[in-house]
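Heads up, the thing below is written out as structure tokens.
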Amino acid sequence: MQFEPIAAIATPHGTGGIGVIRLSGDGAFTVAQRVFHAKSGKALADMAGYTAAFGQVCDVDGPVDEAVVLVFRAPKSYTGEDVVEISCHGGETILRRTLAALLATGARLAGPGEFTRRAFLHGRIDLTEAEAVMQLIGAQSADAVRAAIAQHEGALYREIRQIKEILYQLSAELAAFFDYPDDDIPALTRESVLPRLAEVQEKLEKLCVQYETGRVLRDGVTVAIVGKPNVGKSTLMNRLLGEERSIVTEIAGTTRDVVEESAQFAGMTLHLFDTAGLRETDDPVERIGVARAKSKIEQAMLVFVLFDGSRPLDGEDESIFSMLQGKRVIAILNKADLPQRCDMARIRSVFPDMVSISAAEAHGMDALETRLRDRFRLEAIDPRAGMLANARQLDCALRAKTAVMESRQGLIAGFTLDVLSVGLQTAEDALAELTGEQASEAVIEKVFAQFCVGK
Ligand SMILES: Nc1nc2c(c(=O)[nH]1)N(C=O)[C@@H](CNc1ccc(C(=O)N[C@@H](CCC(=O)O)C(=O)O)cc1)CN2
Ligand SMILES: Nc1nc2c(ncn2[C@@H]2O[C@H](COP(=O)(O)OP(=O)(O)OP(=O)(O)O)[C@@H](O)[C@H]2O)c(=O)[nH]1
Ligand SMILES: [Mg+2]
């Protein structure tokens, strides 16, 4: 197969100290040589892999920049092909001119994720590892980075391989059993098959259940901060952000619009919405704010509902109780630094998950952190273990799980062993699609289309 040289700017757009252009494919050294001249006079094709040269980038109009070039020789490179990386000064114009020079002398502009796709095509990584590259780039918390690294190192791939091995083994035994029924093959029985199907189903179920937790780890949680006016919502928002983002005053009705900001807290990313205090009001601006607060309650994955611990509950608090029915809620009793006059038991009877804090004095923040981690069962998951990383992978795993489950139910219902063959095949295919061994061109296309150019 021919792998024409592809090129792209690999660093972010904008100005930086240096910027890198990547070139990969058959003839990469020849193409780069037309654009780059080493000061030493050495030809790129004569350089050993994993060595560098200093020199000048030129196009038809003359010198563009001075640059450092790295040479990687197939198969010891990111893509598995010959690769040249040109590190220029990080100016948009310089990078564009250098790229244009490469494109004019034999390279083609790389599509999104095409370098990683080449690594996949050369069998260096499977589809889940390729997807992990994207996950790694987008990771927003330390745990998310750990999860992406594990995935990149093949944690999910290995997990799936184990499951596939059980399925393949069963398929092989089944085939032997049907093809040579009279031979001395130990008889395959319902009793011997069922526990193995159960094991596969359980492994797949675990992966699917952990998907939600993994999503929290990767993408973070949307949290609406709500409550009556003046309970300290904006103070809590600012405390979580570590900066004075929302306006705080002693005047009830200070926050009007929704203030959105992301914070790192409890080892995860919280996408916070500080909202207008919920109350009946004739002020037209505040009414819109209250309506927006209510719509954020609908959108958010989690609600922090705040109460002022220094005041008794009133009708407005009670109407908030009913507004939050069916939502995932953590109740926060604020102003714990003041004498407490609020009916804690009443709040706890509605929202069992409750913490007492002082947003102003930063008390109780660690208790809030614990509640949050418990809520998403973050302690129960090991970010280094194999995890499904996106909707595509979840879909494949669910299809496999359903197929196995149906086969099991068929056997339990008294069907003969041949019901297995279709179910096993369906499950094997779904898992082969997950890792990319059997993914269609369309699936692969979709995966890499989500990448950025230059990756
Ligand atoms: N300059 C540069 N930095 C980079 C990358 C890159 O492509 N270029 N990477 C791009 O994402 C990441 C590193 N990933 C890489 C993965 C594999 C190989 C590689 O050459 N592997 C060969 C040789 C390994 C060895 O010497 O043992 C191999 O696996 O055979 C290079 C980079 C982050 N930093
Ligand atoms: N003593 C004490 N005062 C607090 C605490 N948290 C907030 N406050 C005070 O309560 C008042 C209201 O705080 P905000 O954070 O503006 O309250 P809010 O819920 O955002 O109010 P609205 O935006 O009007 O709905 C301010 O005077 C804060 O300083 C706390 O933990 N202890
Ligand atoms: Mg406010």
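From the backbone N, Cα and C atoms, a Cβ is placed for every residue, glycine too.
Quick look at what TrEMBL lists:
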- Arg22, Glu85, Arg124, Lys455: (6S)-5-formyl-5,6,7,8-tetrahydrofolate binding site (BINDING)
- 220-377: domain 'TrmE-type G' (DOMAIN)
- Asn230, Thr249, Ile251, Thr254: K(+) binding site (BINDING)
- 230-235, 249-255, 274-277, 334-337: GTP binding site (BINDING)
- Ser234, Thr255: Mg(2+) binding site (BINDING)
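Mapped onto this structure are the features recorded in TrEMBL.
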{"residue": "Arg22", "record": "(6S)-5-formyl-5,6,7,8-tetrahydrofolate binding site", "CB count, 10 Å": "26"}
{"residue": "Glu85", "record": "(6S)-5-formyl-5,6,7,8-tetrahydrofolate binding site", "CB count, 10 Å": "20"}
{"residue": "Arg124", "record": "(6S)-5-formyl-5,6,7,8-tetrahydrofolate binding site", "CB count, 10 Å": "16"}
{"residue": "Asn230", "record": "K(+) binding site", "CB count, 10 Å": "21"}
{"residue": "Lys233", "record": "GTP binding site", "CB count, 10 Å": "33"}
{"residue": "Ser234", "record": "Mg(2+) binding site", "CB count, 10 Å": "24"}
{"residue": "Ile251", "record": "K(+) binding site", "CB count, 10 Å": "9"}
{"residue": "Ala252", "record": "GTP binding site", "CB count, 10 Å": "13"}
{"residue": "Thr254", "record": "K(+) binding site", "CB count, 10 Å": "16"}
{"residue": "Thr255", "record": "GTP binding site", "CB count, 10 Å": "23"}
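Lys233 (GTP binding site) carries a helical DSSP state (H, G or I). The 6 Å Cβ screen around ligand 2 retains Asn230, Ala252 from the binding-site residues Arg22, Arg124, Asn230, Ala252, Lys455, ordered by sequence position. Among the binding-site residues Asn230, Lys233, Ser234, Thr255, Ala276, residues whose Cβ is positioned under 6 Å from ligand 3 are identified as Lys233, Ser234, Thr255. Within the same chain, the residues at least 6 positions away from Lys455 ((6S)-5-formyl-5,6,7,8-tetrahydrofolate binding site) whose Cβ sits under 8 Å from its Cβ are Ala10, Pro112, Gly113, Phe115, Thr116, Val133, Met134, Ile137, listed in sequence order. Put simply, Ala276 is the one of the binding-site residues Asn230, Ile251, Ala252, Ala276 whose Cα lies nearest to the Cα of Glu85 ((6S)-5-formyl-5,6,7,8-tetrahydrofolate binding site).
The domain 'TrmE-type G' (220-377) scores a mean pLDDT of 95 in the predicted structure. Residue pair Thr249 (K(+) binding site) / Ser234 (Mg(2+) binding site) shows a Cα separation of 9 Å. For Lys335 (GTP binding site), the count of additional Cβ atoms within 10 Å of its Cβ stands at 25 [all protein chains shown]. Cα-Cα distances to Ser234 (Mg(2+) binding site) place Thr255, Ala276 within 10 Å, out of the binding-site residues Arg124, Ala252, Thr255, Ala276, Lys335.
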